[in-house]
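The structure appears right after this line, and notes come after that.
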Amino acid sequence: MAHDHKVLDALDAAKTQWYHFTAVVVAGMGFFTDAYDLFSISLVTKLLGRIYYSDPSSKTPGSLPPNVSAAVNGVAFCGTLAGQLFFGWLGDKMGRKKVYGMTLMLMAICCLASGLSFGSTPKDVMVTLCFFRFWLGVGIGGDYPLSATIMSEYANKRTRGAFIAAVFAMQGFGNLAGGIVAIAVSAAFKSRFDAPAYKDDPAGSTVPQADYVWRIVLMFGAVPALLTYYWRMKMPETARYTALVAKNAKQATSDMARVLDVDLAEERQKPVEELERRREEFGLFSRQFAKRHGLHLLGTTVCWFTLDIAFYSQNLFQKDMYAAVNWLPRADTMNALEEMFRISRAQTLVALCGTIPGYWFTVFFIDIVGRFAIQLGGFFFMTAFMLGLAIPYHHWTTPGHHVGFVVMYALTFFFANFGPNSTTFIVPAEIFPARLRSTCHGISSAAGKCGAIVGSFGFLYAAQSTDPTKTDSGYPPGIGVRNSLFMLTGCNVIGFLFTFLVPESKGKSLEELSGENDEEAAPQQQQTVPTDLSE
């Protein structure tokens, strides 16, 4: 080993201890908040439609016009994309810790502010809401590269995958919390302010107090963020950043000795020239980076992009699916709060059964079977189950077959989470050099968010019926759900193929993976994907 940082070897070899778990919770709280915010907006959009876009003379309850709906749901994605790139870059420039508090504060402030969206017309309220959701997204975006990088740099090499996966799995609990809060708030208001169904009294079915409901739900997202702010500020900068990027091995050693129980020999500071000579640093746009990590970056970005198209478009089919399998009665038979309660209950059940198990399967198996196998298997099964939904699509939508539909749908979700949804987050935090790690993770996750935007909005229009009389109000005819599913299947196949560009990182130290151990001897040992995964 050419690198002389005993502290990093000590971190790689450290036994798993309490501090690793606190780091998971502190880093994971960003994801908890992230999932809470993205999930909770989908629970209140129907309510927003009834409150702000109701026309009492219409047979059906008010709903958000397509462009407003797209803006309210999608503006956070655009913010997230910007945050991933900007804070990812900043995390390599300023250090992970400094930036880490900023993103959390931004999230907390914008959660509160989005619940206070005001205005005299519905349009004003929506514009204000979108403004704060955008900046909320920026904070959320910053959390992606930073949480992954921080966890990856703290962990030991034996259980690193499981710890990064556990940070990501906090999303499952965020979804669950979002559902529980929405259920509790809507149920409480519903029992206190009862109202007739829409068809019996269009104007009276939405009580004025309903306006507080969505605000409370959105503002509650600030709670977990504020709770963990203190602990985030107490975490020391990661040793890898301090030693490899800021070049202060002494500081790195004392930081780690403070929080981790490892045997650390005192590092002596090396003369600066020796360090400089040992590593001519190549930048992100250099020929050397392209030669050494170019294909890796291509692999991580394309896999994340294709996965998120499939992953986020699934949310589109949810509401139709519930209606199809009669989990949700017709909208005009319920009042506004009743509808929100029913939607939240259905979504929370899906989150509980469909998403949380997949995340934790990844946590338990990732350091046993490796990232490559999980990602490949995940893409494979997602392809299989989506074809299983698409080919006999007419069969699934006829009455009496809906149980099979829900099962196939849940399995697709399960293999996304016990598969590429988790691994695309983990691998970019492991295979790039420390000084570019958070930037490269930011680029990869931003590619994912582009996929999410395509999945959410492209397919919102695509999944509309080909028959102009059957589209949702305000939408042009699309290619239909069945053809959309075939397109999504294609995305999964592309993800499957690009997985082969990404190296296996299981059980290797970060410096070994990124070639920082021996920058001079690296070209001969170009890393390839292991063909034998049983190693």
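Using N, Cα and C of the backbone, Cβ positions are placed for all residues, glycine too.
Quick look at what TrEMBL annotates:
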COMPBIAS  523-535  compositional bias 'Polar residues'
DOMAIN    23-507  domain 'Major facilitator superfamily (MFS) profile'
REGION    509-535  region 'Disordered'
TRANSMEM  21-48  transmembrane segment
TRANSMEM  68-87  transmembrane segment
TRANSMEM  99-119  transmembrane segment
TRANSMEM  125-142  transmembrane segment
TRANSMEM  163-189  transmembrane segment
TRANSMEM  212-231  transmembrane segment
TRANSMEM  294-312  transmembrane segment
TRANSMEM  349-369  transmembrane segment
TRANSMEM  376-396  transmembrane segment
TRANSMEM  402-419  transmembrane segment
TRANSMEM  440-463  transmembrane segment
TRANSMEM  483-502  transmembrane segment
Proximity verdict for the transmembrane segment (483-502) and the transmembrane segment (294-312), three or more C-beta pairs under 8 Å: yes
Leading stretch by Cβ pairs under 8 Å, where the reference is the transmembrane segment (294-312) and the options are 21-48, 212-231, 349-369, 402-419: 402-419
Recorded stretch that, among 125-142, 212-231, 402-419, has the most CB pairs under 8 Å to the transmembrane segment (163-189): 212-231
Beyond the flanks of the transmembrane segment (440-463) by 6 or more, those residues with Cβ under 8 Å of it: 66, 70, 73-74, 77-78, 80-81, 84-89, 91, 141, 144-145, 148-149, 284, 293, 297, 300-302, 304-313, 315-317, 424-425, 428-429, 432, 475-476, 478-481, 483-484, 487-488, 491
Rounded mean pLDDT for the residues that make up the domain 'Major facilitator superfamily (MFS) profile' (23-507): 85
Other parts of the chain folded back onto the transmembrane segment (99-119), taken as Cβ under 8 Å at six or more residues beyond its ends: 29-30, 33-34, 37, 83, 87, 90-91, 125-129, 132-133, 135-136, 138-140, 142-143, 146, 150, 214-216, 218-222, 225-226, 228-229, 232-233, 235
Stretch of maximal Cβ-Cβ contact with the transmembrane segment (68-87) [cut-off: under 8 Å; candidates 21-48, 125-142, 212-231]: 125-142
